[in-house]
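Look at Swiss-Prot and you will find C176 tagged as active site, thioimidate intermediate, backed by sequence analysis. Annotation source Swiss-Prot lists NADP(+) binding site at 205-228.
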Amino acid sequence: MFNDIPVFDYEDIQLIPNKCIISSRSQADTSVKLGNYTFKLPVIPANMQTIIDEEVAETLACEGYFYIMHRFNEEERKPFIKRMHDKGLIASISVGVKDYEYDFVTSLKEDAPEFITIDIAHGHSNSVIEMIQHIKQELPETFVIAGNVGTPEAVRELENAGADATKVGIGPGKVCITKVKTGFGTGGWQLAALRWCSKAARKPIIADGGIRTHGDIAKSIRFGASMVMIGSLFAGHLESPGKLVEVDGQQFKEYYGSASEYQKGEHKNVEGKKILLPVKGRLEDTLTEMQQDLQSSISYAGGKELDSLRHVDYVIVKNSIWNGDSI
């Protein structure tokens, strides 16, 4: 019964440190394996139009980071796969579940991407299960990520259908308004939902949404995530594809949700909004800081690698993280 499960979110949790066993935090290994590939960090910039484009994807792949290209320039996906493969890089794309996507997947047999993410708002559905099965039939070597979901039942069903990883999170993102528009979602209890889902998972889980600080990455891993998808922390960089806007002499970048009218091009079934974020500088600086902070987290966990984070104790202290602290 769900009412017996503790409900909390990232800001309510503090991890308890263990004895440090490394002489320098730089010795901590932040790498993670997904499928047959190892990546530098367990983070994924959200597959959103204002977060990633082909140039950002190529940069991430070249530097050893995982990425997922968004699905909103559909006709560009196949040429994108070829360009990445021609450069010796992995291809990681997104698909939806509409009828024409089946033909698209079949057309990839001659040059299959290493990763495909089935990307819809409510991933616990027959349409997603059928698409998983289709991809696995047509492209058996491709690693399939499916989502988004928010319950153990959903995780089990998608895994049983053939998904290699599931994406957990319904509406906790900064530009997602699903819980306001529909009354449903994991907003406000995303970390507890992750914990709940991970107990049922036999394959990797990707935590998606609700990440506001670098410490939230460590918390996600503690509660069962293999990787963490992040939107707002990756938005607003100089390289970000979001439109540059100047307000009162200050530069901002647009950041909007994948289910917003700005992405959809129409005001229909809108579950996202648009905000302006101050320009943050270069993406590589954020990635470096993220890695350094995660190395510090590993040192506090008393280990040398990410797995040590899974075994630390924690306390639930409501909203304690912001008591007198600012970043």
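Every residue, even glycine, has its Cβ placed from backbone N, Cα and C.
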The sparsest Cβ environment within 10 Å, among the binding-site residues S220, S226, is found at S226
Which number gives the other C-beta atoms within 10 angstroms of the C-beta of I205 (NADP(+) binding site), all protein chains shown included? 26
What kind of secondary structure is I211 (NADP(+) binding site) part of, going by DSSP in three states? coil
Pairwise CA distance, H214 (NADP(+) binding site) versus the residue listed as 'active site, thioimidate intermediate', rounded so that it is a whole Å: 20
Cβ-Cβ neighbours of I217 (NADP(+) binding site) (radius 10 Å): 27
